[in-house]
Amino acid sequence: MLDLKFVRDHFAEAEQRLATRGGAVDLSAFTDLDARRRTLLGESESLKAEKNQVSALIGKTKDKSQVQGEIARMKDVSVRIKELDEELKQVEGDLRTLLMTLPNLPHEDCPVGTSEDDNKEVRRWGQVPEFDFEAQSHWDIGERLDILDFERAGKLAGARFAIYKGAGARLERALINFMLDLHTGEHKYVEILPPLMVNRDTMTGTGQLPKFESDLFHLDDPDFFLIPTAEVPVTNIHRDEILADGDLPVCYAAYTPCFRKEAGSHGRDTRGLIRMHQFNKVELVKFARPEESDQELLKLLDNAEEVLRRLKLPYRVVDLCTGDIGFSAARTFDIEVWLPGQQTFREISSCSNFRDFQARRAAIRFRREEKGKPELVHTLNGSGLAVGRTLVAILENYQQEDGSVVIPEALRPYMGGVEKISA
């Protein structure tokens, strides 16, 4: 959620930066509500001060007959104060609701643009493989090796689901364990295993609600949501808490299944594992001091990249433009892995700095000194990595002419020493 005071004091800047996300931004409703709030608050506080002053005078007067007029007037003042406070509560609620629908302000260094075409490539790593045969897509490879079954998954649940079988299931599990071991061992993240269902306050804290409720899988009774990413429960671990300055940055790594409707993806990626209703992901979440969050984002990005470097999968890093970053993000770097079967790079991780946007919604603060005033932390997260898409990249980049798939060396200890998957 945006800082009310910042929007008020830097209105033109806020409007201009929001406009770079694409489309016209009309903040007139905000100015109207904020002006009404300040008017109501001023009148209410003035009447309360007057009431206190007159009440003190009445209390000192022994002969109450001399102040009957003031007593009667104070009754009217009390009624008016109640009316003002009730309207103020309504206006503040409307103002908060409006702020909840506004996206984050893009970072000052975020490239300005309207779509993914305006994203800026930062760097590439690894060598794109060249085959002496026609590269196959992962769905063909997986079905031929009998390690992926989309047809039977469709029978069980419908489109955008998959069954992993045999070496396919083991490879998925190996990737999860490899990623968690890397992040918790070498990168020093603390492992978290959170709930897969959360309440409305939790979804609101990270920005999924109220704007994106239609994109979420919802349970009516009780009122729970299936998580679209571990970012949601893990960030909310410290909702309504004050962290100690000495504990920052706090770094968590969590493996969870994720659940998404993909309502806006009709007709896109209808085959394979790229866009699923249910998929596995290892998520990295950080809580940092405001002045250190930009640097922490680069560290998080490098931690995610290291997974691909260890697996020797070619990738590139892209700095997302203002028109392509997510609702809650101020700055986002995408990692895109090369997929020979599609002859293109595809997103495998998004690493974002949300600054204090989520922390303000979720009331996550820290205290620099024992008796210092609490400040909002900055929150960050990124995929480290999307497991299914990593499996896709392995199948396509390590495919052999005879139809087999070589297991990356880094994964072989997690595969019981298996070096190749063959039919």
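Each position is counted from 1, following the chain as shown.
Using the three backbone atoms N, Cα and C, a Cβ is placed for every residue, glycine included.
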### Query
Per Swiss-Prot, which one of Glu186, Glu191, Glu283, Glu336 shares the L-serine site with Thr229, Ala230, Glu231, Ser383?
Glu283
### Query
Using an 8 Å cut-off from the Cβ centroid of Thr229, Ala230, Glu231, Glu283, Ser383, can you name the remaining same-chain residues around the L-serine site, in sequence order?
Val232, Val234, Ala254, Thr256, Cys258, Lys281, Val282, Leu284, Val285, Asn381, Gly382
## Note on the structure
Within 10 Å of Thr229 (L-serine binding site) (Cα basis), scanning binding-site residues Arg260, Ser349, Ser350, I find Arg260
### Message
Considering each pair of residues in Thr229, Ala230, Glu231, Glu283, Ser383, all listed as binding L-serine, report the largest CA to CA distance in Å, no decimals.
### Response
9
